[in-house]
Amino acid sequence: MAGRGCGCSCGPGHLNEDNARFLLLAALIVLYLLGGAAVFSALELAHERQAKQRWEERLANFSRRHNLSREELRGFLRHYEEATEAGIRVDSARPRWDFTGAFYFVGTVVSTIGFGMTTPATVGGKIFLIFYGLIGCASTILFFNLFLERLITVIAYIMKSCHQRRLRRRGALSRESLRPPGRCEGDSSAGWKPSVYYVMLILCLASLLISCCASAMYTSVEGWSYFDSLYFCFVAFSTIGFGDLVSSQNAQYDSQGLYRFANFMFILMGVCCIYSLFNVISILIKQSVNWILRKMDGGCCRRCQRRFLRSRRNVVMPGNIQDRGNLSIDTDGVMDSDTDGRRLSGEMISMKDFLAANKVSLAILQKQLSETANGCPPQASAPSRDNEFSGGVGAFAIMNNRLAETSGDR
């Protein structure tokens, strides 16, 4: 909408910020994949060639020693690979499809880890897996999202409690602020959304603590090195699930029941923390992409958009754009949504978006409406000025007055 009245020489990609963000992110991901492929190829290709050469030498020596043809030996090895896919190992291993093994399998399915060491072999099992995973994976992702919301709520409550305790020590806390939670709306933690950086720091520390503790357990029980244990923790907690290292696969362990329970709890907590950390990091990536787009766009179209938006006298517009310097976990996720696009394009916004953009609570609007109805309009804090927000009757007059105040602060 704003692009039609702009009249500047910018390209059509400037008309839709969401598409530009999507294309830029896709290009960055492709570059990220190409860079990762180059690094891993440089690190692992030489080792792969050496391993293949050693295997060919061992195969030739075994064939000469036992007077076997290479084709017969390779045929036998193919049978062993089939047995390995079915869960048969040279060393003793736990049954894969008893109840505990099946429970471990469905846990890797719904958590999207998918180690790959256990897979259904029957047609019925494969069909059931499709429908079971569809519902299970969706439910688990919802659980992870709710976990992040609860974590943010707890952090906000702790921040508010610490702030009130600090004010109470100074004697500066009013009696109304000391009311128990739930007695008034002002005591909610809605205004105490933690910064995205605080949440990321807490999740990083929690993930690191869980990984270190789990690695110590895997080193002593599974016999892995501590570095391999840390590697397994990241692969499992991030739901990558290569399957080269898998915990709780031996037939017998010391304190087997306790170990399997601890293994389940570590994987559950680790997946929750890493998944939440990925969500928070994605917010920072989105902000970085938006910053790159703003740098690429320049200031030409922004000035043209401002001139165009000022000419739209009949559209309810927010008085100021939210400050992007103070990123909170609540605003970062919605700051650059379609609501932001509507604000820039000049379309009419909803009351919810209006209140969020101007930090006006519904209680304040109701109070001003009541005062206006009783013949006692609120006194303006600053002399009124004739601008595009002046005028109006009733609720729109109150909103226009509020917009005039906020526009005066710009």
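Cβ atoms here come from the backbone N, Cα and C positions, even for glycine.
Going by TrEMBL, these are the annotated features:
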type	residues	note
COILED	45-72	coiled coil
DOMAIN	94-151	domain 'Potassium channel'
DOMAIN	208-285	domain 'Potassium channel'
TRANSMEM	22-46	transmembrane segment
TRANSMEM	102-123	transmembrane segment
TRANSMEM	129-159	transmembrane segment
TRANSMEM	196-218	transmembrane segment
TRANSMEM	258-278	transmembrane segment
Per-region confidence, the coiled coil (45-72) (mean pLDDT, whole number): 89
Chain residues in Cβ proximity to the transmembrane segment (22-46) (below 8 Å; excluding those fewer than six residues from its ends, i.e. six or more beyond): 13, 285, 289, 292-293
Residues of the domain 'Potassium channel' (94-151) by DSSP state, where helix covers H, G and I: 41 helix, 0 strand, 17 coil
